[in-house]
Each structure stands twice: as structure tokens, then as C-alpha cells.
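These notes concern the structure reproduced below.
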Amino acid sequence: HSFSSAGRRSQLLQGLPATSTVEENSAAGVAVYNFNVTFSPLASEGVAILPTIINSNPLTGAFEIEPKGGLEFRVITTGNPVLDYETMPKSFDLQIFVEDTTGRTDLNVLTIHVADKNEHPVFRGNMAIQTVMIYVLERTPPERIYQVDAADPENAKLKFSLLPATVPFSISESGAIFSTKEFDYEKDPHSYFLNITVTDPDGLNSTRIVNINIININDERPYFTTKQRIYRIPEEQSPGTSVANITAKDPDDGDSPSRLFYSIQSSDRRFSINPATGELQVAGRIDRDALPLRLHPNISLVLRVEDSPSRGHAREMEITVVIEDVNDNPPECNPSAFRKEANENTAPGTFLVDLRNYCKDIDADPSNNQFIFTGLSGFGSNNFALESTGRLVMTGTIDLENPSNPGVEVYTLTVRVQDIAHPNYSSKYPFYISFDNIIYIYIRIKPVNEFFPIFQNLSYVFSVSEITKVGSSIGRAHAIDKDWPPSVITYSIVAGAGTRDYTNIFWISPTKGDVRILARLDYETTQKHIFTVQASDQEKSTTASVTVNVLEVNDEEPVCSPNFFSLQIPVDLAVGTNINGFRIECQDRDSDPRSFRYFINEGNENSHFTFSPSAGSNTSRLILASRFDYESGLDTNWVYSLSVHITDDNLVSTRDKTTHLTKTGTVTLSIRVIPNPTTVTTTTPGFTVVTRRENLYSPSAWYVPFVVTLGALLLLGLLGHLGLLLLTRLRSCCPPAGKAHSTPLINAPEKKKPKKEVAVTMTKLNTIFDGEARDPVTGRVYEFNTRSGARRWKKSNEPLQPVLALQVMSSATEHNGQGADGAEAPSRKEPSEKRKELTAATKPTAKPSAGQSETPGQAGLRLQKKKEESEDGGLSSPAPESK
């Protein structure tokens, strides 16, 4: 504690310092010392700080100051802790402080000595806190059974004593308790209470109670008190049903209830026993009707009673439980539904089924397994009878085809099977309402195939056009069967229906009887087909004849000979001449020769050719109808490819006509006009052949122009960017000069592009290709003129054709004095037109031999159309190209 410097030390505590004594173990509130407090006259208000213990040596809380009244105070014990002379300091110095209202203080010391006091002995261990329970087995020899633990606070020697003195126990000077006899639980008391007293030399003592219990030992076997050994119970008892109450007694327990343990030694799960009460109960299903109880209804059980769950004394007993049969099973039929067949018109009294062979009652006792059949019912049951033995027989005749027959194919009958003895189904079938078993019998009346199928017609006649499509239906053959229910009729062709070329030309639907053709009919080959069809119901069958009349149709084309021919005629052949004496002869299998008509469908330019006669005959001649005129330019074609059509107009037979049709035959003629050797042809030292190429895009390929446009835009953008970069580079390296140098000194005249005039003259020349060769690059065969060298690709499917010649004359000259530049023409490409590539070539005119005049083919120009792929190695003109 700290004190104010203004305070003045004064004699305020009266009677201090001082010394006082207090006994050990003093209770709280015991007065130790009294003192007074005095104040100066100036301290009108009294004490500012009451007397207080501010410190102690050694430190303790065993003391405090309390006022007595006025200015009197005393030091008392607190009881916490309790003063103990043997374990605590023997004296304490208390510093007491006081202060009045004027600031005067005083501090003095009170010395307190602890005085020793004789205390009661104390028990230690379990006896110090509770009554000790000691257990002694009966028949145990005399021995030490417990050691009392006690002490004196002053360490004085203690004396032990035991009351009452009549008990068979003693205590030694050291506190050991001994039994003085061998106890018998059945004769001696079961419990003893001993008062154990401990006393110090001054006579102070302490007493505690010891409870000694004699424990009974198991030395006797229990025995059964139940005398009954045979028990009877009905079968199918629910689990928990009591069978017997087994009782036993243990001699060790005397008159007290024995605590025994019951069990079943035999491993039988159908019974259980309460281990504490010995009640025998049903634990599982007990079925008298099942093996082995059906043959041996007695169950033997070995019961055991023990006086301890383990290592005790036990005794066993065998009992017998007899299981009695009850009528707990209704009669059962397997199967519970029967399906039988009986032919229609079966004679009355015919046996159908014996139900007793399929029904049984599994109850073990004969008095419980007897049953009867009753109550035959169901629609049409009057046609059947149930005998007392369970036999079902026919009593009526059922004819399915009889109009009075109700049309029932399956009769559903019910028969009731019931026990003779009173049933007891509640244990096994708690929800079993009816004690009867219902049998369902389904009698199917099996139809008998009594009737043959009958066709509606004995024979069928169908008229069919010879151009009827293969697979078409031409009619139907239908049959019926009077059997009920109607039999399934299957149709088939059993004879005929074939020709020399086809095994089966007709087919009939197996289920419907529709007749269809499998091959094309031909009136010219066979006018009538006769075959036999059969209708079968799998057992019986019948047949009918089918006649198919083939109706003639103009379905044959005229066939002419020859159907292809090549002719050569001079250009000055007289009109009306039968060309080369050529004629065609035609035949038609279904038309009269007088019905033929001849006309030229294609290739007859300027109508130079005709056929005579043009109709009414199967032969006709080719006639020149008008002269050729090549000089005036009216005729330009030297090779004619004529497509001649020959038509028939009527049938050979007007009988059984169907539809009037016209058929056409075709003959192809190739006519080459030979020019007159005296004909003058224009010669030219050279010629230019112009070829155009074109790129055709499919209308559906919309993406092509889009992709091309997009690529062009990207390319232009890239070029523009590169140009800007180049311009920037040039400006940085070579800055522009002054304006004085920007004006040229000499004004050069502007060059004008020379104009070119191209005259194109188309002239048809009769070039004769008298040789053939194979192009080594493409492998294609081409024709050539051995004199002029003119060439063309050979067309294998067409006769020789004249070739167009194109002569190109250039009227303009180049600045270097050369002829027309043939390479510039194909370099131009017009976007609005088809792209064509022009290739120019020149060849000097071949000179005629002596005594011969030039032919137009020797000095002509040839225009050769070439495909795009011919650029990579195709056939070219033998003449060199002009450069």
C-alpha cells in the first residue's frame, strides 16, 4: 500500500502492537484480539479508513477485523482456511492500518500464535467417506477379511475395538478384521453390521460401520417341478402360442424364488422357451400335412434348466409334442383350368375328362381330405353332364353348320369342388371367404372339314391387251367353303400358265385369288392361254379352268433393211433419179405392208431428197427431188445425214382391236455430195483459223462469282497497300524536284493504237478425209486429207461429215511490215460473251497435178473445233501458226 505524504503518523490504534493466541481448528467467527481507535478533536467526521489487515506474515486469509461498536474492533477467524497446528505455520504477524478524516494514520502489528489441541482420530480410505460393504462366501475358512485404516492427528498410538461382541468377527490391534468361523448361508444370517471404534490415549475416539454380507454359493442342482411329459397342439398355430409352462426349483434358493435359466437343447426352430419364465411357445410354422410330420406327427424336445448362465448346475428333461391335423387345406386341382377339344357331331356319352385325376386334398387325416364335385354351370352346359365320380361326358350333338347352332366354338363350364368335412382355413388362409375351389373347363368344338371348296364359276375367261404391264391384275378366281367357321382357302396354279420361253407366265394370289401376269403377253406369239387353278382348304381341293384371250395391239415397230447406209452422189445428179438405185424394204409383225408411210424427219436441207412411194408399200426408193445449188450459196452442206421414219397406221386384224397405236421405225442414211471437178474454187496463200473458248458456269454455282469477286477485291487491296508502301519509300529516298523540271522540254506526239481490220469469210468446202491416224498424246483417232493435210477428230457414231472452213484475211499490217497478228485475236476476252480462244494457222495451197484442175477441198480452209483439254497435247493443224 502507498500512503499520502501529507499524512502524519499518530497513535490511533490503542492496544497495538500486541500478541494473542488462538486454538487450532477454531471455527469461523472466533474472537482472537480486541483493540480501540482514538481520533484528534479535529477529526470531527471520525474514521476515513477503518482498521484493515493490509498484510500478514506468512500470508493467510484465516483472519479479518470486524467492528464491535463505536471505536471498538476485534480480530476474528474466518474459517477459510481452518487453522491446523500440525500442517500450518505456528504464528502469524498481521499489519493493521487505520486513517482518520484529518489524514492522520497509524500502522501496528498483531502477532497471533496458534495453540495445539488434541483431536479425534480419523479414519482413512473408504471408511472415511462411506459405510464399507464386505462380502464373504459361505464355507470360507476363518481369515482376515478387511484392514481398517485410521490415524491420530497427534500421531499417538490408537486402539481398535469391535461391537457387538457376539458376532463371529474380531479385530486386531493393527485394525485387521477377521472372521472366526466358516459360514453356512442356509443356517447363518446373511448379513452382519459391525461398529468399528478407534480411540487415542486421551480417550478421544471415532466410530464407523462395516457391513459384512455372506454370499451364497451354488452347490445344488436344480430340478423340474413339472410332471407332464406329453403335450398336444393343433397344427398351424401362430407364433407365440403357449404350449406349456415349464417350472423348476433350485435347493440353494430355499424358500426364495429361484433365478433359473431355461433352454431347448434339441435344434428345433419350431419351438422356443422363455429363458427366465420357462414358457414353451410356438416359434415357427408347424404343418402337419408336410413331411416329416405327415408320417411322424410327434416332436421330441430336450429341455434344460440351469442355476447359472455358465458353469452352474443343470438338469435336463425330455417332453413330446403331438401335432394334430386340422382341415386347413381346400381341395386343389392342377391345373385349375382344363382345355379339351371335341369334334362337331360327337356322339352323346363320349367321355371328355375325369376331374378326380387332377384334384387332391393334402390334409393328412383321411377325415379331412375327402371332397366332392358339384355345380356344373356355364353357357351350353346342357350339352354336357358331370357324373358323381368327376367324369365329364357329352350329352348332346353340336353341329357348327346348323343354322340353329349359336355359333359358339368354345364352351366355358365351371365346376365347384368342396370339402366334405367342416373346413378350418382361418389359420392358413385368413382372408379365404369361400371354402370351394372353382374349376374352369373350356371345351372347344373342333370343326370337321365336311365340304369341298366351290368356285363361283366352273371356268373363267379374261381378255387382256398384249401391252398390259407385267404385274397387273387381269381378274379374280374366287371360291367359297360351306364349312363353319369358314376354312382358309389357298389358291394355286396347277397346270398351264407357261409358254416355250417362260415357265410361269401367270401368277395367282394364294389368299385372294387375283390373277396377275408375270411376263409380257405377245399376240403374235400366242393368242390364247389356258391354265388350271386350284382352291384348297388344306384337306380338300377343287379346280377351275382359266382362259386368257390376248387382245392384239399395234406394239411392233416396222423393221427396215438396211437401217443404215452411206451414199455418194455427184453434185449435178439429175432430179428424179433413184440415188444409187437405193431402196429400203420394211416388215411389221402386226401391220399390213400397205400401212407404211415414209418421211424424212431430220437432215433434209432444202428438201433435196424424198422417198417414192411415200406410203402404201413395204418398199420405197430414195429419189433426188431437187438439184443442188452451191454457186449461189443456197447449198453449203456437202454431207447429208438423213433420219428416215417409217410408221404403220393399222393392224393386220381388225378383230378384237384395243387401242389404235402407231409405231415408228428409223433408218439413217449418210449422203456425200461429190463436187464437179471443173468447179473453180478460190485459193488463198494462207488462212487463219479462229477458235473461241467459253467457260460455262452452272446456274446453281452461285458461289463461283462470289468467290472470284471476293478474291479480286482482296488482291486489289493487297496491291494498293504495296503501292502505298512503295510510294512512301520512293518519296523518302528521292524527294521531288522543282517545278521547273516538271515540264517536259519536248512534247512527244501521242501514239495512237493502229487499227486492225479483219475480214472473216465463211466458205463451205468439200474436204475429203481419206486417211486415219491416232493422236500420240490423247490417243484419239483423227481423219486427215492426204493432199491438203486437213485434219479432224473422227466421230465413231456418226458418218463422215463435211468440215467448215474459215478463211480470215487481214487487211491491216503491223508497224514492222508483217501480216495480221494472229496472236492478238485470242488474247482478248470479252466478259459479256462466251470465252473463245482463237488459234491461227496458215498452209500453202497444194498444186494440182498435171491434167487436173484444183478442187475446192485442195485450197479450202478448215475450221476445227477443239475442246479445252486439247490445249495440253491435242491435235493441231499441220500448218505452222502465224506469229
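Cβ from N, Cα, C; glycine included.
Database features, via TrEMBL:
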type	residues	note
DOMAIN	14-123	domain 'Cadherin'
DOMAIN	128-224	domain 'Cadherin'
DOMAIN	225-333	domain 'Cadherin'
REGION	236-257	region 'Disordered'
DOMAIN	334-455	domain 'Cadherin'
DOMAIN	456-564	domain 'Cadherin'
DOMAIN	561-687	domain 'Cadherin'
TRANSMEM	702-727	transmembrane segment
REGION	813-883	region 'Disordered'
COMPBIAS	826-838	compositional bias 'Basic and acidic residues'
COMPBIAS	839-848	compositional bias 'Low complexity'
Completion exercise
DSSP tally for the domain 'Cadherin' (456-564), helix/strand/coil in that order, comes to 0 helix, 50 strand, 59 coil
Practice task
Using DSSP, tally how many residues of the domain 'Cadherin' (334-455) sit in helix, strand and coil.
Solution key: 10 helix, 50 strand, 62 coil
Problem - Mean per-residue pLDDT computed across the domain 'Cadherin' (561-687) - result: 80
Fill in the blank from the handout: What DSSP reports for the domain 'Cadherin' (128-224) is 1 helix, 46 strand, 50 coil
Exercise for the section: Could you put numbers on the helix, strand and coil content of the domain 'Cadherin' (225-333), residue by residue per DSSP? Expected result: 3 helix, 44 strand, 62 coil
Handout entry: the domain 'Cadherin' (14-123): DSSP-derived helix, strand, coil residue counts
Key = 0 helix, 62 strand, 48 coil
